[in-house]
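For 3-147, the entry in Swiss-Prot reads domain 'Clp R', with the evidence type sequence analysis. Annotation source Swiss-Prot lists region 'Repeat 1' at 6-71. The region 'Repeat 2' annotation in Swiss-Prot covers 83-147, and the record cites sequence analysis as its basis. What Swiss-Prot lists as region 'NBD1' is 160-341, and the listing cites similarity to another entry. Annotation comment: Swiss-Prot describes 207, 208, 209, 210, 211, 212, 213, 214 as ATP 1 binding site, evidence class similarity to another entry. If you look up Swiss-Prot, you'll see 342-547 marked as region 'Linker', on the strength of similarity to another entry. For 392-526, the entry in Swiss-Prot reads coiled coil. Here Swiss-Prot flags 557-767 as region 'NBD2'. Feature annotation from Swiss-Prot assigns ATP 2 binding site to 607, 608, 609, 610, 611, 612, 613, 614; the stated evidence is similarity to another entry. Summarising the annotation, Swiss-Prot assigns region 'C-terminal' to 768-874 and lists similarity to another entry as the type of evidence.
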């Protein structure tokens, strides 16, 4: 026996067999040990050969284990193994078989054949008992080999390569394991048309990710199984090549090429009977490429050109351009079939076709209105992905969320269970007490506990019953689906008696039972478990994904929106027109009446400094998101140079920072529903306005990497001081309309008409009047009071002190900012000195009154300390 004549896998098996024999304390190395390791192999080549030869691998394993149990064991020997005569004969027979077949190496299948042939070995009897004869094994080996010989030490990898490195889609379709393919008839017909050509009969499906390229290949497999294809494609097999399995574990140079050649040889040997489907086809280019080695695409080219290899590829537009088009010799061998994104109507049809599979998986029902909502909402709000993939994901996640709720304990029952635990803890504590009040309390508590437990038991029983009903309906759906699959198989195989039983007996019976179960469905009034996915569930998932509030508004939210002006006016004083315009835009959006192709609202706020332009934007962010920082704030003074426009949308290719994206586009892409503030817009370079044109008109902007960013759910606010000099010259009683034309003239001279024409509203903020300063004092003092609250210090200002601050801080040219400085200087600075000096301990009350030209501070400390009085410096 020359070990070099044996393949690497056989050598590995022989090594394992010897180790096993020593572990079992056997002194002799027998054929039974070899058969044992062959049958225990994870890849199961020997077991597969036995099954294909009409035998039972499990039976062979049991018979061989029985033979092994009879072998003598010797404990405490020298640890050596001697070769038995039957095993030596097996090796000799295997070498003879390999020589006759023209093989250079003895492979696993020849070793198994020798174990079946050699009558002196008990393995022959074990295999015969299992139903695998030497003749049957020989026939199976010849079928697998297809005339090929074992010329390398890794020859087994080349046999039955399609089974190892490809999935049979037609077999999966036959067994009903593929999802139904709805629509896409034109693309499938075009694919069949290309496949039916004489040469270059290789279509490549090109389309955006998620439009259904792989589904078209599965649709083709379903059509082949149903016989709904031209004569030239009937009874063909569609095999999906697994590039990962081909590359995985290929350690040595040439091993990958050997595997791929084995796949190609098997496909060619079928004489056009196999169509190869290569998903992510761009992975072929460069796959397996190493120093001097050929990549996969170069190995495929000759077979593709001669028409010996039928192939269907699938890849995205970008990957096709980047990888396949760079190799014209490969590209010309494929015929592109463009797969467009389906429209909303087609997507709804696709969802209706898939609905049953998802209902069966999640064990919930999906309403038709939920499917319509999934298609329409995903199309409108999830702009960076494609239909139907994003709509299917929405439906899937909404059903998954509902199933999770069904499996979780209902809130009502959860509260009762928590109450029971609380009462039990209290009961144990009261048992230790002996006084009368504790005894009375314990009696009451026992009654309450018994009552609560009774309620909880009743609710638990009801919840379990409702869950059981859902489970019953789900089981019926599963049985109905299995019956329909069986009917399709029976019709294909000509088993008309069974088909008749299914069509007129079993299926109608199951349908009737399911209809009755759904009629008693537990999602009626007063039900604890919701089992139907509704549009609200879909809308909730969209809101969680995007942050855009599209789910149904609660009553409180509606009221809040209707009194939005009052809420905003709490922090922005005297600018009723601006507050009203912004509120109306938000209400339009939440009511679903805004133009779906434009931002929610776009405004220019004009007015002198310090009148509340930026403050209104912050208040709006606080109102919508409960966080005034939830906005993109861009100070246009930073965008005064021409090149700074690139910072908004991202640097172009070839420039530093290309991968990082733009300040504006990235912020909106991450959070599509927010306020975008362009502060001091007049300071920006004119090119910035060119970028904003498409944002204001179409609600979209293309960033430096070519991605389209959706601005349809943003509120765009631009602030400017243009024309403010006219407004500061107004009298207290003058109307803002008197200077509107002068201000607009200045605005029109600075901004181009095409920019101004796209703005929803240009709002003038008038200068603050003296009588409005009191309200601003209130707002500023509230902020100061909230800062002092941490120290439990209470601040009170009487009317005179407030009036003193309002008068001292009034400056029509500078708005509310001088008032902020006066409060800082006259109140905050003095308080800071007194706190640090120990005059105001924590928990004190500070009363502020006004003197003739200063504020007086009266401190009432916590109990037990004397009052102090001090005055602010003039």
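Note that Cβ sites are derived from N, Cα and C of the backbone, with glycine treated the same way.
Structure coloured by features recorded in Swiss-Prot.
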residue: 207; record: ATP 1 binding site; Cβ contacts under 8 Å, 6 or more apart: 213, 316, 317, 338, 339, 340, 341
residue: 208; record: ATP 1 binding site; Cβ contacts under 8 Å, 6 or more apart: 316, 317, 341, 386
residue: 211; record: ATP 1 binding site; Cβ contacts under 8 Å, 6 or more apart: 339, 340, 341, 342, 386, 387, 388, 389
residue: 212; record: ATP 1 binding site; Cβ contacts under 8 Å, 6 or more apart: 181, 184, 339, 342, 350, 388, 389
residue: 609; record: ATP 2 binding site; Cβ contacts under 8 Å, 6 or more apart: 721, 724, 814, 815, 817
residue: 610; record: ATP 2 binding site; Cβ contacts under 8 Å, 6 or more apart: 768, 814, 815, 816, 817, 818
residue: 611; record: ATP 2 binding site; Cβ contacts under 8 Å, 6 or more apart: 574, 575, 765, 766, 767, 768, 815, 816
residue: 613; record: ATP 2 binding site; Cβ contacts under 8 Å, 6 or more apart: 605, 607, 719, 765
Residue 214 (ATP 1 binding site) versus binding-site residues 608, 612, 614 - nearest by Cα: 614
Residue pair residue 210 (ATP 1 binding site), residue 612 (ATP 2 binding site) - Cα distance, angstrom, rounded: 47
Spatially closest candidate among 608, 612, 614, the listed binding-site residues, to residue 209 (ATP 1 binding site) (Cα to Cα): 614
Fewest other Cβ within 10 angstroms of its own Cβ, chosen from the binding-site residues 214, 614: 214
Per DSSP, three-state class assigned to residue 610 (ATP 2 binding site): coil
Cβ atoms near residue 612 (ATP 2 binding site) (within 10 Å, other residues, all chains): 24
Taken over the region 'Repeat 1' (6-71), the model's mean pLDDT: 80
Helix-strand-coil residue split for the region 'Repeat 2' (83-147), DSSP-based: 46 helix, 2 strand, 17 coil
Fewest Cβ neighbours within 10 Å, where candidates are the binding-site residues 210, 607, 608: 210
